[in-house]
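Notes follow the structure.
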Amino acid sequence: MAASEPPEPPPRSPVSRPVTARVPAKVNVQLAVGGLRPDGFHDLANVFLAVGLHDEVTAAPADALRITVEGADAAQVPLDRTNLAARAARALAERYGIEPGVHLHIAKDIPVAGGMAGGSADAAGALLACDALWGTQAPRAELLEICAELGSDIPFSLVGGVALGRGRGELLTPLETGGAFHWVFAVADGGLSTPAVYRECDRLREASGTGASAADVPDPEPSRALLDALRTGDATALAAAVSNDLQPAALSLRPALADTLRAGADAGALASLVSGSGPTCAFLAKGPEAAQAVATGLAASGTCRTVRVTSGPVPGARLVHA
Ligand code: C5P
C-alpha cells in the first residue's frame with residue numbers, strides 16, 4: 001500500500017451494553033428573525049448559549065425501535081414516529097443500512113415545548129448514543145448533517161458552548177466567551193408550538209404594516225455589543241444587548257408571560273427575556289447569589305410553574321461513561 005493512501009477505517013464494533021449521552025438545554029441570547037422565506041423558514045442571526053439543564057438519552061440493544069421517557073414532563077413527550085430521538089436513530093440507521101433495533105430511554109429534565117431545545121437535545125443525544133451502540137463511527141460532519149436535516153436547533157445541541165447560527169439556525173460558528181453567566185429559568189404551565197410562534201411573528205409584522213417577507217424585513221445580523229459582552233464575560237453588558245424577535249409573538253400568544261418577565265426584573269434580574277419561542281422565560285443575574293434571589297422572587301410571585309437556577313455556557317452532547 002502506498003504511504004499516501006488513507007488508513008483503513010477501524011471495523012465497526014457494536015457494543016452490547018447500554019450507552020448514555022448527556023445533552024444540555026439552550027437559551028438564545030440574540031434571536032434576530034429575518035423575513036419569511038419561500039420554504040417556510042426564516043433566516044436568523046441566532047446566538048445560542050448552552051446552559052446546565054440536561055436530558056440523558058440511553059440507547060440499549062432491542063429487537064425494534066422503542067422509546068420510554070421519565071421525568072416530571074414525561075407525559076407530554078410524543079412516543080410515536082414523530083419523536084425527534086426516534087427520528088434521529090432511524091436517520092443514522094438508514095445511512096448505514098442497518099436496522100434501528102434500539103430501546104431509547106430519555107431521562108427528561110429540560111422543559112418540554114419550552115423554547116429550550118429539549119426535543120433537539122434528545123435527537124442529538126440519540127444520535128450520539130446510537131452511533132456508539134451500533135459502532136457506526138459516523139464522522140462529526142456527518143452527525144452535524146443529520147442533525148441539520150432533523151431540525152434547525154439540533155446541530156447546536158451537539159456542539160454546545162456558545163455559537164452563532166445563520167441560515168435557519170443550523171449553520172454554526174462557535175464563539176469565544178470570557179466566563180460563566182448565571183441564569184434563572186421560569187418554566188410555564190404548558191408549552192408553545194415553535195411554528196405557531198413564528199406564524200404569529202409574521203402576523204404581527206403584517207399587521208404593523210412592515211410586511212413579513214424576506215424582501216420586507218432587513219437581513220438579521222449579530223449584535224457587535226452582544227458578541228463583545230460574551231467575549232469579555234461581562235454580564236451587565238450582555239444584559240444590555242440581549243434580544244429576541246420572537247418575544248412579541250410569544251407574549252401575544254401568552255400575555256401572562258409579561259407578569260413573569262416583570263416578576264424576574266422586580267427580583268433583581270439584569271435582563272428578562274423569553275427563551276427562544278417560549279414560553280420559558282430566562283433571567284440573567286449578576287452572580288450565583290443574585291440568581292438565587294431572582295429565583296426566590298419568581299417562586300413567590302406565582303407567575304410560573306417551576307424555577308430553575310443554572311449557569312452556562314456548558315459543553316454540548318457528550319457520552320457519559322459509567
Ligand atoms: O427546524 P425546526 O423543525 O425546528 O422548525 C420548526 C418550525 O419552526 C418550522 O417548520 C418553521 O415553521 C419554524 N422555523 C422558522 N424559521 C427557522 C426555524 C424554524 O420559521 N429558522
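Glycine residues also receive a Cβ, built from the backbone N, Cα and C atoms like all the rest.
Where the annotation comes from TrEMBL, it is an automatic prediction and has not been curated.
For 1-21, the entry in TrEMBL reads region 'Disordered'.
Under the heading compositional bias 'Pro residues', TrEMBL lists 1-13.
Residues or ranges marked as active site by TrEMBL: Lys26 (among others). In the structure as shown, the Cβ atom of Lys26 (active site) sits within 10 Å of 31 other Cβ atoms.
If you look up TrEMBL, you'll see 83-161 marked as domain 'GHMP kinase N-terminal'.
The ATP binding site annotation in TrEMBL covers Pro111, Val112, Ala113, Gly114, Gly115, Met116, Ala117, Gly118, Gly119, Ser120, Ala121. DSSP classifies Gly119 (ATP binding site) as helix under the three-state reduction.
Annotation source TrEMBL lists active site at Asp153 (among others). In the three-state DSSP scheme, Asp153 (active site) is classed as coil.
Confidence annotation: the domain 'GHMP kinase C-terminal' (227-300) carries a mean pLDDT of 98 in the model. Taken from TrEMBL, the feature domain 'GHMP kinase C-terminal' applies to 227-300.
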Cβ-Cβ neighbours of Ala113 (ATP binding site) (radius 10 Å)
20
Treating G and I as helix alongside H, and B as strand alongside E, what does DSSP give for the domain 'GHMP kinase C-terminal' (227-300) in helix, strand and coil?
43 helix, 11 strand, 20 coil
The correct three-state DSSP answer for Lys26 (active site) is strand
For ATP, what surrounds Pro111, Val112, Ala113, Gly114, Gly115, Met116, Ala117, Gly118, Gly119, Ser120, Ala121 with a Cβ no more than 8 Å from their Cβ centroid?
Ala25, Ile110, Gly191, Thr280
Check the binding-site residues Pro111, Gly115, Ala117, Gly119, Ala121 for other C-beta atoms within 10 angstroms of each C-beta and report the one with the most.
Ala121
